[in-house]
Amino acid sequence: MEISWGRAMWRNFLGQSPDWYKLALLVFLIVNPFIFLANPFIAGWLLVAEFIFTLAMALKCYPLLPGGLLAIEAVIIGMTSAAHVREEVAANLEVLLLLMFMVAGIYFMKQLLLFIFTRLLLSIRSKMVLSLAFCVAAAFLSAFLDALTVVAVVISVAVGFYGIYHRVASSRGEENDMLDDSHIDPHYKTVLEQFRGFLRSLMMHAGVGTALGGVMTMVGEPQNLIIAKAAGWHFGDFFLRMSPVTVPVLVCGLLTCMLVEKMRWFGYGETLPEKVRDVLQQFDDQSRKKRTRQDKIKLIVQAVIGVWLVTALALHLAEVGLIGLSVIILATALTGVTDEHAIGKAFTESLPFTALLTVFFSIVAVIIDQHLFAPIIQFVLQASEHAQLTLFYLFNGLLSSISDNVFVGTIYINEAKAAMENGAISLKQFELLAVAINTGTNLPSVATPNGQAAFLFLLTSALAPLIRLSYGRMVWMALPYTIVLTLIGLLCVEFTLAPATEWMTQAGWLATLS
């Protein structure tokens, strides 16, 4: 018997999301207009809380859908206007270009990145050195490339290697289902569990590495570019201003990587089983023999384009998104990717998040129009200038650990800049606050997958169920990094940021917003 029209519509609404989630969103949409009529300020905060809820529940439904419905309703009932949303989007065009073109550009360099991580995995036998190498490589790449893409590449390597060994262990060849362990004998299962633990630890080290590197440069994370634009900083300025906090944090993060591997704490310390290494080495040897001269030329071309990318970013030869577009053009033209559909695949990772970011800007428009953060900012600005840095860092860190850090960073930098323009804080203090906001947004957000887009991408990837990486396990394995990064970042904001910035300014290293 066919279901009723109402039931059919209910099933279509937000698809496979749980019924309680659908019901919660409907309640939000129904009550918001009435609360807005009664008290716009409370309604505005309720909208922000609802939007953060959709971000926290990203595994139930991609936030673009529920968040977009809330944003559309907010415009319709007058919490903000379509014109203001357009202004916010226009003001952040560089960030949208970054997501559209830079992420797509790096897609065409995946072969080179796969080659790098494969060589690391098979060349280094010490697990501690290998973990450190993955963390450093991910940090370096994330300083210039998109963290999502770096994690996507490491996932590709891990899935590929897992599949190779799983086929051998199950003796099922190409028909093998990687999620099915029923055909694997007990001996192989023990080795497979050890291999899973090994891959889990490598993925977490690489994921944290993207956060360590991503905080250091203006292109490492989308919110960095928003903050850099608000402060008027270019690539070199941004790196130098962040360095009093980010360099000590990087060093301590790498020491944490070595410590948890050495002590086998928090689920780390598993080594690559020799039987697995033999299988993977044999497969890699066969792949290298099959590599043609044309394939080798592609790797060389991608390496040269990588040099161009780093140089163009460092010298600020063009807007970040346009540099990304140049990477797309050069990489496709010189490696022979000419089919429209093949090029289109490069944009599938970035466009959903680009659309979600546009919804963020709608919520930011509501926050500005309803003056939602005015009480918080007034509270912070009443403190001493020294205490303001700590408070901004902590408020950003708390919100970023449960919500998306792009959203949080955008809100706070807008409020800090408004305070400067209104004369509430000096230019010098604003520039220090921008560093506190950026580091507070990036570092504590490793606590949960909700804060870091790269972590969320890993959790929702095809790899997570294969290596038994659940939400809880990810939070547990991230805990030592969360504690170290947050505390060292806080201490640096408190004690080293102001004197180091003053010294660099006097030395003539830093440009100042005019």
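Start at 1 and count along the chain as shown; that gives each residue its number.
Cβ from N, Cα, C; glycine included.
As recorded in Swiss-Prot:
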TRANSMEM  23-43  transmembrane segment
TRANSMEM  63-83  transmembrane segment
TRANSMEM  97-117  transmembrane segment
TRANSMEM  120-140  transmembrane segment
TRANSMEM  144-164  transmembrane segment
TRANSMEM  202-222  transmembrane segment
TRANSMEM  238-258  transmembrane segment
TRANSMEM  303-323  transmembrane segment
TRANSMEM  357-377  transmembrane segment
TRANSMEM  391-411  transmembrane segment
TRANSMEM  447-467  transmembrane segment
TRANSMEM  475-495  transmembrane segment
Long-range neighbours of the transmembrane segment (202-222), counting only residues six or more past its ends (CB under 8 A): 95, 98-99, 102, 121, 130-132, 134-145, 147, 150-151, 154-155, 158, 228, 233-235, 238-239, 242-243, 246, 249-250, 253-254, 257, 268, 313, 320, 357, 405-406, 438-439, 442-443, 445-446, 452, 454-455, 458, 463, 467, 469, 474, 477-478, 481, 485
Which of 23-43, 120-140, 144-164, 303-323, 357-377 contacts the transmembrane segment (63-83) most, counting Cβ pairs under 8 Å: 357-377
Cβ-Cβ under 8 Å with the transmembrane segment (475-495): same-chain residues at least 6 beyond its ends: 200-201, 204, 207-208, 211-212, 244-245, 248-249, 252-253, 256, 259-260, 265-268, 386, 389-390, 393-394, 397, 401, 435-436, 439-440, 443-444, 446-449, 455
Closest-packing stretch to the transmembrane segment (447-467), where packing means Cβ pairs under 8 Å, from 97-117, 120-140, 144-164, 238-258, 391-411: 144-164
Same-chain residue ranges lying at least 6 outside the transmembrane segment (144-164) that approach it to Cβ under 8 Å: 98-99, 102-103, 106-107, 110, 113-114, 117-118, 121, 134, 138, 176, 178, 195-196, 199, 202-203, 206-207, 210-211, 213-214, 217, 219-221, 279-280, 283, 309-310, 313, 349-350, 353, 452-454, 457-458, 461-463, 466-467
Leading contact stretch, 23-43, 97-117, 120-140, 238-258 vs the transmembrane segment (303-323) - CB distance under 8 Å: 97-117
Chain residues in Cβ proximity to the transmembrane segment (357-377) (below 8 Å; excluding those fewer than six residues from its ends, i.e. six or more beyond): 40-41, 43-45, 47-48, 51, 63-64, 67-68, 70-71, 74-75, 79-81, 84-85, 87-89, 92, 95-96, 99, 222, 395, 404, 406-407, 410-412, 414-416, 418-419
